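Q: My questions will all concern the structure given below.
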Amino acid sequence: PAMLQLPLVVTARLDLVLVLVTLLSLWTRLGGLGYPGAVVFDEVYYGQFLSLYMKRTFFIDDSGPPLGHALLALGGGLPWQRAAAGLSVWSLRLLPALGGALCVPLGYLLVLELRCSHLSALGAALLLLLENSLIVQSRFMLLESLLIFFVLLAFFSYLRFLNAPGRCWSRYGWLLLSGVSCAAGGLSRVTRGQPLQVAFGSQVTLRSSAPRPVPCWLHSHKANYPIRYENGRGSSHQQQVTCYGFKDVNNWWIIKDPARQELVVDSPPRPVRHGDIIQLVHGMTSRLLNSHDVAAPMSPHAQEVSGYIDFNVSMATQNLWRLEIYNREAESEEWKTIVSEVRLVHVNTSAVLKVLAGSDVTAVAEQSTSINLCVCVCLNIVCCHNYPRSGQEQKEREAELHSPTHIDVDRKISFWSKFTELQWKMLTVKQEESEHKYSSAPLEWIAMETNIAYWLHPSSNAQIHLIGNPVSWGVANLSLLAYQLLAALYLLRRRRGFRDLPDGAWQRFASVGLLCGGGWAVNFLPFLLMERTLFLYHYLPALCYLHLLSPALLEHIHTHLLRTSRHVLGVCTAAVLLSVFLSYWTFCPLTYGNPELTANQLQALKWRDSWDILYRRR
């Protein structure tokens with residue numbers, strides 16, 4: 001008999017709500033991604049990391065594990081120097097934006113795995129979708145959106161493992177994915193191959209070795225001292241020189257031999273020694289470090305330090321400095337990276353480079369007593385150092401300085417040698433004790449008492465701020481408090497023998513608290529013990545867990561506590577969601593930087609006095 005031909009049938013289930021929230025998430029995160037075209041906030045540092053990966057350079061920084069940086073380099077696809085020169089940054093921001101967009105459908109699926117309804121899953125997705133702070137953080141070349149994606153993916157995969165049938169072998173694939181997601185980003189970074197001896201022509205950063213008044217780097221930029229200060233006192237109107245508490249491209253200086261015009265290292269290098277006369281050329285502006293008999297801005301008893309500009313006003317250059325190595329070894333007087341502590345003595349006036357009030361870099365007359373040599377805040381350490389190539393021109397030097405410590409690494413270092421050294425470095429690296437203008441304390445995050453100004457248009461009021469959705473932020477805090485109170489009440493009554501919930505409902509309630517409330521605690525409480533500069537964006541992973549908790553808790557209240565008031569609860573829920581959307585829409589101009597608002601409109605958005613919203617009155 002002839003064989004019967006059976007048709008091949010494929011059955012697929014499509015969750016239209018999941019598709020809808022995914023499309024909306026892609027639209028809110030990817031729409032207009034290339035605006036603004038300028039480098040925003042910490043993008044400058046991640047751009048440096050991307051460039052180093054492009055050059056196959058192994059390096060270290062103290063911002064976190066390297067996987068995020070490697071992913072940015074993978075997704076960028078072009079050197080950071082080209083983007084900084086004016087090309088579109090869309091491709092550089094694409095991967096973080098995709099990671100942030102995928103967090104919304106992940107939140108939807110997570111709530112379903114918590115055994116909640118599709119309506120609760122939709123509520124969680126909407127809270128994540130309309131959270132302004134998550135949108136802002138995912139639209140730039142920053143790492144938090146990728147971090148949150150891997151955190152939620154690990155959470156989701158583990159729940160799939162727990163909920164899968166016991167004899168299903170595929171459940172162990174979910175467990176493996178959970179472990180991989182948890183491990184995404186485990187190595188630190190370290191620099192190798194950095195030259196030990198500082199030579200004429202070296203590019204260096206100089207950091208104050210004393211912790212007070214503030215540990216900082218010698219810094220300059222394209223801005224001049226005002227012709228006259230507010231008190232009427234005059235200045236030289238030369239280029240400003242300050243001490244900056246954070247890593248920045250404007251911290252780089254070139255050690256120059258006064259007898260030569262070249263800014264390159266000879267072959268072999270000529271090391272700088274104790275007692276040598278040097279000049280310091282600012283890498284980005286080519287101004288020479290200078291001092292003269294003009295009062296400093298914040299310390300009038302000391303001399304002003306500046307980057308010399310020839311205004312043709314009979315103010316001669318005085319840019320020679322004598323190097324004194326304070327902790328030099330008896331057998332060697334060479335200036336060495338990291339280990340050498342040096343003083344820079346102004347040749348013309350014998351004043352010593354110091355940090356006095358705030359970040360005021362000054363030249364102070366040297367005292368005859370030896371005790372001042374021990375306590376003065378003029379000792380400097382070369383933190384980063386490299387040798388530029390010969391024939392280097394200004395534009396090439398600027399590109400080099402945008403990606404410091406670009407020395408090639410010894411390829412023979414084994415993986416386990418790198419791994420061991422990197423893990424130790426992560427545990428022992430010291431954080432700077434300086435404060436950033438937008439830094440904040442963890443307890444300030446809960447009530448969103450702070451914000452971060454990410455970008456301000458150079459000539460208009462268009463700007464972008466990291467500010468959360470105030471309504472959803474309040475809902476998250478209220479949900480956490482309500483769950484804690486309700487859990488305490490249930491536990492107390494169960495202790496006394498009252499079973500208010502069936503066993504299945506109690507297990508679901510406990511699981512929601514353990515995974516969502518516990519996830520919040522794990523991602524928030526460690527910051528209370530950290531002695532480092534912290535920012536509002538550090539709270540975003542913890543906040544996501546509260547956005548998952550809110551609809552799950554509401555469903556529990558709807559199902560088990562307010563059975564006779566469901567219509568009232570439904571109306572209240574709709575009102576809250578509408579308020580969340582209106583709050584999102586209100587702060588959209590600060591989320592996307594468009595449209596531009598007037599000064600009065602911006603002032604109306606300052607819902608808290610502690611928020612720093614900038615505006616120009618016209």
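In case you wondered, yes, glycine gets a Cβ from its N, Cα and C as well.
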Q: Select from 2-23, 90-111 the stretch of residues annotated by TrEMBL as transmembrane segment.
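A: Comparing 2-23, 90-111 with TrEMBL, transmembrane segment matches 90-111.
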Q: Per TrEMBL, which of 117-135, 364-382 is transmembrane segment?
A: 117-135
Q: Under 8 Å between C-beta atoms and at least six residues away from its ends: which parts of the chain pack against the transmembrane segment (117-135)?
A: 17, 21, 24-25, 28-29, 100, 103-105, 107-111, 145, 148, 466-469, 472, 475-476, 536-537, 540, 543-544, 547-548, 550-552, 554-555, 573, 577, 580-581, 583-584, 587-588, 590-591
Q: Would you call the transmembrane segment (142-161) and the transmembrane segment (90-111) in contact, using three or more Cβ pairs under 8 Å, pairs 6 or more apart in sequence?
A: yes
Q: When you check the transmembrane segment (90-111) against the transmembrane segment (536-554), do you get at least 3 Cβ pairs under 8 Å, counting only pairs 6 or more apart in sequence?
A: yes
Q: Six or more residues beyond either end and a Cβ under 8 Å away: which residues meet both conditions relative to the transmembrane segment (536-554)?
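A: Result: 103, 107, 110-111, 114, 116, 119-124, 127-128, 131, 133-134, 137, 142, 144, 147-148, 151-152, 438, 440, 442, 445-446, 448, 450-452, 466, 468, 472-473, 475-477, 479-480, 482-483, 486, 512-513, 516-517, 519-521, 523-524, 527, 569, 573.
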Q: Going along the chain, which residues at least six beyond the ends of the transmembrane segment (471-492) come within the CB cut-off of under 8 Å?
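A: For the transmembrane segment (471-492), the nonlocal Cβ contacts are 127, 130-131, 446-448, 500-501, 506, 509-510, 512-513, 517, 520, 543, 546-547, 549-550, 553-554, 576, 579-580, 582-584.
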Q: Against which stretches of its own chain does the transmembrane segment (512-530) lie, if we need a Cβ under 8 Å and a gap of at least six residues from its ends?
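A: Result: 114, 116, 151, 155, 159, 442-443, 445, 480, 483-484, 487, 538-539, 541-543, 545-546, 548-549, 552-553, 556.
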